[in-house]
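Sequence annotations record features per position, and here TrEMBL assigns transmembrane segment to 12-31, 43-64, 84-110, 122-143, 171-192, 204-223, 243-265. Annotated domain 'Rhodopsin' per TrEMBL: 27-266, in sequence order.
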Amino acid sequence: MPLEGRSEALVAVSVVVMVISLVTVSFRCFVRWRILKAFGWDDTLMVLAMALDIVLTACAIAGAKEGVGRHFVDFHSSEDLHHAMLWWWLGQCLYICASGIAKVSIALALLRLSVQKYQRMILWTVMGASICISLIFWFLMLLQCHPVSEFWERTGTGKCLNTDILINVAYVYSGICAICDFALGLLPIDLVRQLQINPKTKMALGATLSLGCVASAAVILRIPCLHYYKDIDFLYSTFSIDIWSFIEVGLGITAGSLATLRPLFR
């Protein structure tokens, strides 16, 4: 199908956000590997999140070409509809993984700066909560239909989970993600306050590390759109969910990587 309307917007947003993330992650790898020579698990996880984001963008492009973002009545064949539903489903599964891994990466990076026990407890709690809720939502999204292919084929012979259950879990997932993002965005202010560096550097470092709060804004803006999961015109109505999912992952990866680039400006 030709790209137009919402399908075109999906491609534009996903590609722009992914490219920005890729640039920051590339600089992060250069700083951590070549300048500091201290490439750690947090860097490895962020590279993994970036790889998933690239695949997510590929799914967005393929899905848009197949019809994601269009009305059901615009599809000329059931095969086109099945392909579009498949790409949408793959994209959402990848979004959940990429978002969760990015949060764990940021938390691990902040652990290096933590000096107080309560700070480490907060970070480990954030990691545990992010991993648990991401796994729950991922498995639910992945296995909501039996057989799995029933989600995109819609043969009527399989069984799918009640959509209200998926929506309720999505609300819980989004709420926990927003809290975790705020924690990862606000805790650096406390961490930097205790560092023995000049005030100007302290303010700049704290502001950079706190960019994670921006990612939580995308999560919050995504919440009012979750009821579209049960809309009859599914691929058209879930457009806003897709857009905020791309932005959330991209902002998380970008914010987590920008915080590591300070050595470039010394």
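Positions of Cβ are set from backbone N, Cα and C atoms, glycine also.
A quick note: this is a predicted structure, and the numbers were derived from the prediction, not measured.
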**Message:** Return the average pLDDT for the domain 'Rhodopsin' (27-266) as a whole number.
**Reply:** 90
**Prompt:** Do at least three CB pairs under 8 A connect the transmembrane segment (243-265) and the transmembrane segment (84-110), leaving out pairs fewer than 6 apart in sequence?
**Reply:** yes
**Message:** Ranking 12-31, 122-143, 171-192, 243-265 by the number of C-beta pairs under 8 Å to the transmembrane segment (43-64), which range is first?
**Reply:** 12-31
**Prompt:** Near the transmembrane segment (12-31), which same-chain residues lie under 8 Å Cβ to Cβ, leaving out any that are not at least 6 residues past its ends?
**Reply:** 39, 43, 46-47, 50, 53-54, 56-57, 60-61, 243, 246-247, 249-251, 253-254, 257-258, 260-261, 263-264
**Request:** Please indicate, using numbers and ranges, the residues of the same chain that are 6 or more beyond the transmembrane segment (122-143) and have a C-beta under 8 Å from a C-beta there.
**Result:** 89, 92-93, 96-97, 99-100, 103-104, 107-108, 110-111, 114, 161, 165-166, 169-170, 172-173, 176-177, 179-180, 183-184, 187
